Amino acid sequence: MFERSPVTRLLPVMLGALISLAGTTAAHADATLDKIEQRHVLVVGVLLSGGPFGGIDPATQKPRGLNVDLAQELGRQLGAQVQLVPVLPANRVQFLQQGKVDLLIANMEWTPERGEILGSVPTPFYRVGGSAAVLKDSPIARWEDLKDQPVCTSQGSSYVKPLTEFGAQIKAFKSSSESLLALRGNNCVAAVHDATLINPLLADSAEWQGYRALTPELNPAPSVIWTRRGETDTQARLDPIVQELHRSGWLIEAQTRNHITPASPALVELQQKFQASGA
Amino acid sequence: MNHWLEFFVHWASSLGLNYGFLLDAYPRSTLAQGALTTLWLCLLTIIGSLLTGLGLAALLTSGKRALAVPARVFIEVTRNTPTLVQLYCAFLVLNMLLNQAVGTANPLTPFAWVVIVISLHKGAFHAEALRAGIEAVPAVTLEAARSLAFSNRQLLWNVQLPLALRFALPSLINNLIDLVKMTAVASAIAVGDITYSAIMIWTQSDNVLELMILLLGFYGLLSFIVNCVGRYLEARLRMPGYGH
C-alpha cells in the first residue's frame with residue numbers, strides 16, 4: 001500500500017546526527033576567544049562621536065582617539081587584526097548582544113544594571129563622570145539646580161537615571177552632537193555628557209566660549225571593556241593585558257597623546273596599585 | 001485594567017517574553033504618555049498636511065503661472081529631500097537662528113517643529129494626489145458649470161474638489177498611512193512620542209524585543225484604523241455611475 005521513501009526512512013537518523021552536531025558546537029563556551037585565536041580577527045565597537053575618546057581625524061578621515069588606540073593595542077597583543085565598527089549610545093548594547101561586534105570600547109561606564117545584561121573585563125581602563133555645559137551667566141551652580149529644567153543628553157546615556165532623580169526634564173537626542181546643538185539653540189539649559197567630552201570642548205573651541213562646565217563630576221564610574229554575558233574566557237584573557245597597560249603607563253601616555261584634559265587621577269591611582277602588586 | 005495587564009504579562013512570560021516592566025508604574029506611564037503624544041502628533045499632522053495639500057493643489061491648478069510655479073518649486077524641494085534631514089535642518093538650524101533673533105520668546109517647541117515639518121512634507125504628496133483628481137474632472141462638466149456662471153472659486157469648491165476628492169481618496173489614505181509611520185522621526189529630536197519612550201526604556205534595561213513588538217503592534221493598529229476610515233469614506237462617497 002503506502003511505502004516510505006528512502007529519504008523519509010532516513011529522516012530520524014539525519015535528525016539525530018544534526019542534533020548531536022549541534023551538541024558538539026555548543027560545547028565551546030566562549031565563542032569570542034575561539035574566534036580571535038582561530039581566525040585572528042577582533043571586531044570592536046567604538047563610539048566616534050567626536051572628542052578625544054573617539055572621533056574622525058579631519059585630515060585623514062580615519063578614526064582616532066583613546067577608544068581606537070586601545071582597540072588597536074588589544075589586537076596587537078592578541079595577534080589579531082582589528083576591525084572597527086562605529087556604534088551609537090542607543091544601539092551599542094544590541095550590536096554586542098547580536099554579535100555584530102565582539103567587544104565594546106564605547107565610553108560605556110559600568111553600572112549594576114548594565115552588569116546584569118552584559119559581561120565586562122574586571123579592570124577598568126578609565127574612570128569618568130558626567131559634566132554639564134551651561135551658559136556662563138546661567139544661574140545653575142549645583143546639580144540640584146537642574147530640577148524641573150530641560151536638560152539635553154544622548155539616548156542611552158548613563159546619566160539619565162541620576163538626572164531623573166534630581167528631577168530634571170530629560171531631552172535625549174540620538175547622539176551627543178545633536179544634544180550639544182540643541183543646547184546652543186536654547187532648547188535646554190544644560191547638556192550633560194562625559195566630562196571628558198565637555199571639558200576639552202569648552203576649553204578648546206572658540207564657539208563654546210560663552211559656556212562653562214558644572215562641577216563636581218556626576219556619578220564617576222569606571223569605563224570598562226564590554227563583552228557578551230558569560231564570556232569569562234575572553235574577560236580572563238583581556239584582564240592581564242589591561243592591568244599591564246596600567247602598570248607600564250601605556251594608558252597614561254595614550255591619555256596625553258590624545259589630549260584628554262584634565263588628566264584622570266584614577267589612571268595614576270590604578271598604575272600605582274598594579275605596580276605595587278606586580279613588583 | 002490592572003487585572004488584565006497582569007494576565008497579559010503572565011501569558012507573555014509563558015511565551016518567553018518578559019513584559020514585567022508594564023507592571024512598573026514609571027515605564028508604564030512613560031509609554032502611555034508616549035502613545036498619547038503619538039496620537040496627538042498624528043491628529044495634528046493629518047489635519048495640517050491635508051490643509052497644506054489643499055492649498056498647494058489649488059495653487060497648482062489655478063492656471064496662473066505666478067501662483068503655480070512657486071507651488072511647484074516648493075513641492076519638488078519638499079518631496080525630494082528626506083524627512084529626517086528636513087527635521088534636523090528645521091530644528092537644529094532654523095530654530096537656532098530664530099532663537100538668536102528673538103531670544104527666549106521663541107514660541108516654537110520641538111513638538112511644533114515636528115508638526116510643521118511633517119505637515120509640509122506630506123502636504124506636498126497630498127497636493128499631487130489632489131491635482132490628479134482635479135485634472136481628472138471632465139472638461140464638459142467644467143463647461144456646464146461655467147455656463148451656469150460659476151466663478152473660479154465656486155468652480156473649485158463646488159465642482160472640482162468634490163469630484164477630485166473621490167478620485168484622490170485612495171492615494172490620500174495611502175499618504176496618511178505613511179504619515180502615521182513617519183511620526184516616529186519625532187524621537188530624533190527628543191519629542192516624547194512612543195518610539196522615544198521605548199528607546200529611553202530599552203537603553204536602560206534589556207527588553208528590546210518586547211518593546212519592539214509593542215511598537216510594531218501600536219503603529220500597525222494605528223495605520224489599520226486610518227485604513228478602515230479610508231475604506232468607510234470610499235464607500236460613503238461612492239457616486240453610482242461615476243468612476244466605479
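Quick reminder: no glycine exception, Cβ is built from N, Cα and C everywhere.
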Matching range for TrEMBL feature annotation, transmembrane segment, among B:38-60, B:84-106: B:38-60
Two-stretch contact, the transmembrane segment (B:38-60) and the transmembrane segment (B:7-26), at least three Cβ pairs under 8 Å: no
Remote residues contacting the transmembrane segment (B:7-26) - C-beta distance under 8 A, at least 6 residues beyond either end: 201, 205, 207, 209-210, 213
